[in-house]
């Protein structure tokens, strides 16, 4: 469809005649639908259907009243469904019901927007942490540097208009759209700015009508496990108006709108398919983009901003999308501002207005049809066949723009000069007159528009909704819909839920069996306490995993809040509600098994109290961790807080350190600890009202009379053979049963309090801030033009700060670099390539007998509709697939591919994956060092890297750090680096490129394709996928391979001059002729998208039967014959070298290079290293001062052991800090570096293991200093040295254990679950919580296998050996000896065989007996001996070595050989 075929709405309103449409039906004076019917495709009509169904009217239609509502043509699910009739019927009904039209305009004057940031940033390193206190900027507490992003914009957009926003990446397009739509988080609008919507100030609009102005982000954000149908039905439901068509219910309306909008965007077949994301399999990327568009369309906003929403869509689909917006604006009076980086002429012609941005300055705003003439008058030349959009963008590119002859000295050069020219132009003056008139009109209307908006909103709002609320639904209705969606997510993710359920069951079985058979006597006191401690702790701490899940969904909730779908707090409430049954199941699985297996109190009331408290504490701690996620900005902040909190909660529960032994500086923590109150309830519930038989008396003599004996347990009374449970818990924990229901009330108060904080924080902290883009440089390597404070672009003509590959001003320099590319002679061919995979047990063919070749010196384009298999074919040809079955032939010079094929090819992936901490030059050097042959010297490789930098014109940012988008290279610079990394490798065979122009503006796309053309002319063989080529860009290619859906070849062969060869082939099979000014690429996509030619013949079948297809096969045969002879003669003359080896460099040279890079990366991750060190220091200090100066009592001795135990408790946090970084490294290696055969997997694994060790050693030293002296004071030097060695060893083990766990696993979540399980088992079986003698016989092997058994034993023996024990009053057993005997005489026989000592041996009453004399006596009872300390030290090293060996083995088996976790080998792809 072309803009010229569309009759403007205003032209229809001037006539009062009645005519007939193409169907012979009458239409009246206001029927734009009928007028446009001939040019509306079915998909477009469906989009109109959706829009017309909203609470507005297109026009007054009275001639369709006689169509029955039961007519099949009005049923979207009926095969006879007639969208045209349905649309007219809907419009008629809406008009009869008096639903008002949604109209709004945008007016902005002197719009100036700033953000935080500076021209450049310096990369932070570990050295910066050390030197920070000595640098001046550290102590500068003033506000962050403000950077102006948009300078003085003026304009207005009326209802029914489309505005195209043009500018290069970084020019401010996204900021402009965000500002118009009120997405101002992190942005500051100047107070002099005037910005209103039909007279309504922006502040009022955002507060009361947020859903009327919406912004579509460039990135797709959805709940991945929801289906497309569920996602869109939810969007329809939350924006369902109160007044609906034909008395439909809310559910009926939402379902109808969902079905219609899915048909509009071609998504009907995906109704039950998960949306998916980068890690969850779902719909393809192009369809996911359409889901985003459909979701925002269902918002029904009259004002919409679309930020590069055509990214990832082919040109035909992109055109249809913009045509839909055009029709929506005309028929529904909506207004749309659209930023498009690659706009075809057909797309551009659909817009009413255009705005051009140049480095944040407005250099044109006005009619789109006059923009080209404006810049030509300014003095710029528009080349033939260049689209208007490309031309307008090109004038902002100093390298690409061309002045008209004679105008070179008169045209503006800098952004400020362009802006000055615009402000002096007649077009600007005309705009000012229009704006003045509009301002006068809106001023005269007063509050009419505001009242109109409010009235329209009230008609749409549900009852009980606050009038000033921007939402259509009441809070209870929002909670209901969010809860329904939450349950859908739980059900769709049931595999994860079941995994957690099974894990909890296994953990309960393990812990329960460890304490199985605990006696109901005093010997079981400690075990019962430990059981309940585990019960409350494991129930409480499972909620920590919710932090990650909340952060993963936060961007989605933010987006929905911006659409005015619901309050973020209502989603938080729904999440808690949906958790109730899940947590209930988890509680049943864990608590019932643990309770009865461990032999806790078998009474109904006690069991139900136990279950109630453990269930409540799950929700209390869930609220605590959710609150942490809500009040923080990053997941690392939340996890750091959680790690410290867990330590505090565990130590101050009252079990590890009883209340009476808590030091005053930290004692307050237990009052704020919910687990403390829960633990007291469980202990009191278990022990209250019970008398426990004494297991051991002091002394153990037969027939003891009166009070001459006492039970060895705390709370015992002399002369009694039982011990009161209440007395025991009072003496041991200072607990009382009277506190049970008080504590329950406190837990409920904690639950309510934290839930309220969580809901409020979620509502208030639900927006991500924006900041200005900035380059990051290494300290001391800043470019001079930025170091001196100048903004990039101050000298555009010199290319300062510019990143485009030169094609004119820098051409000579670039050509000199390209000539250094070695000439190529090899030809890559493939024949009848077929690729089959299984999806849900069903076979699916992705490639169907594809044949072709790539010759040196040729540039071949690979094109096709979305989902045709372009990237799949590249992956198959490059041998990068890891599943499915491949058949067919692939040859180089007629010979089968060898192991060196992948390293001899370059593969530029669509995703720009690079090491964030490296600079551009370092990234290129790393590629050159490892991928160029070992025979080439380091100096030569580095020299070639400099040539690549010149070729790609990257000198200005060669020392810039890759970073992340916003703080680092921009999209264009990243793409250039991706290409540069492959060029630095000097690929000998060919270069694959997958969508190298995706996300780039037209000028950057042209520059990159022009550069590829030059590479091809220099002898490089190139195969490149591309989906939105302009006519000029398309002409750069020599050959085309075009695929239809299903990977079926439609054409392979030369494109020809002006695409004549290609067009001749297609036109010979019946479709319409391609117009002279039409883009051949768009013509071809349109023709093939139809599926068949006008005669009904399938394009794939036509190709197979064509003489061109036969010619392809004959040419492949000819290539094979001619090249085989050449290859044989070469092989006979060339000596053997590494030519056919898998890697260019041998392993012993790879390892140092990779290790240095990883060391460099760690040095440049100060936040990671600081977080690691702070965790160690804080944990060490906290543990040290919690067990400060452990005294000589029994509890003091236990405190030392528990301090060692608590050091073990930070193990899980340490490991989970390391795992995400390893995954980041592994993702880069496995996605880009390993497929390119850059270096061996062995070098990757060993380097990552080595680099962690120095930091772990430093951490061990710091923790030793913080912990050891606080607990033990100064002991002998040999003990200090050994404890230091144990600390260092512990942290080294943590890093190797992390590598061991994550080596084979796919993600951090799975690894985290396994770490938690293994860590829990290691702690359970290390002999502290349950002595070896008390363990059931089955589990004694776990005591011996647990690494912490040896570490805790070594640490405890070293610290406690030889320490005298002096019992405290509570620990002393007091009894009276028989008359006439002293305590010493009475106890002599007993003390001859039992440990312990008397405090008053000569007393004749109240004997005070301490059950131990020295700590070694207790240590021996738990199988810890001073003599075995060095043995334990050596055994723990064996675990370190074991972890390293198994990590390497697991990586090889599961990540290299691709075994699955069913212990079978995955079916590998194979080429016949």
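Every residue gets a Cβ built from N, Cα and C, even glycine.
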In Swiss-Prot, which of 744-764, 765-785, 786-806, 807-827 is labelled transmembrane segment? 744-764
Quick test of your reading of Swiss-Prot: among 1139-1159, 1244-1264, 1370-1390, where does it put transmembrane segment? 1244-1264
Labelled transmembrane segment by Swiss-Prot, one stretch among 580-600, 685-705, 706-726, 832-852. Can you tell me which? 580-600
What residues elsewhere in the chain lie close to the transmembrane segment (639-659), defined as a C-beta under 8 angstroms and at least 6 residues from its ends? 529-530, 533, 536-537, 540-541, 544, 547, 624-625, 628, 632, 666-667, 669-670, 673-676, 679-680, 732-735, 1171, 1174-1175, 1178-1179, 1182-1183, 1186-1187, 1195, 1199, 1202, 1205-1206, 1209-1210, 1213, 1216
Tell me if the transmembrane segment (605-625) touches the transmembrane segment (1204-1224). I count contact as 3 or more CB pairs below 8 A, with pairs 6 or more residues apart. no
I'm a bit unsure how to read this: which one of 530-550, 605-625, 664-684, 1168-1188, 1244-1264 has the highest number of Cβ pairs shorter than 8 Å with the transmembrane segment (744-764)? 605-625
For the recorded ATP site formed by 864, 865, 866, 867, 868, 869, 870, 871, which further same-chain residues have Cβ atoms within 8 Å of the site's Cβ center? 314, 872, 1043, 1045, 1047
Closest by Cα to residue 867 (ATP binding site), out of the glycosylation sites 277, 308, 332, 1402, is 277
Inter-residue Cα distance where the pair is residue 868 (ATP binding site) and residue 308 (N-linked glycosylation site), in Å: 22
Around residue 308 (N-linked glycosylation site), how many other C-beta atoms are within 10 angstroms of its C-beta? 23
For residue 1402 (N-linked glycosylation site), the closest of the recorded positions by C-alpha position, picking from 277, 332, 868, is 277
Might you list, by sequence position, any residue in that chain lying six or more from residue 869 (ATP binding site) with a Cβ less than 8 Å away from its Cβ? 835, 846, 847, 1043, 1046, 1047
In the three-state DSSP scheme, residue 870 (ATP binding site) belongs to helix
Long-range neighbours only, meaning 6 or more apart in sequence with Cβ under 8 Å: which ones does residue 868 (ATP binding site) have? 1043, 1044, 1045, 1046, 1047
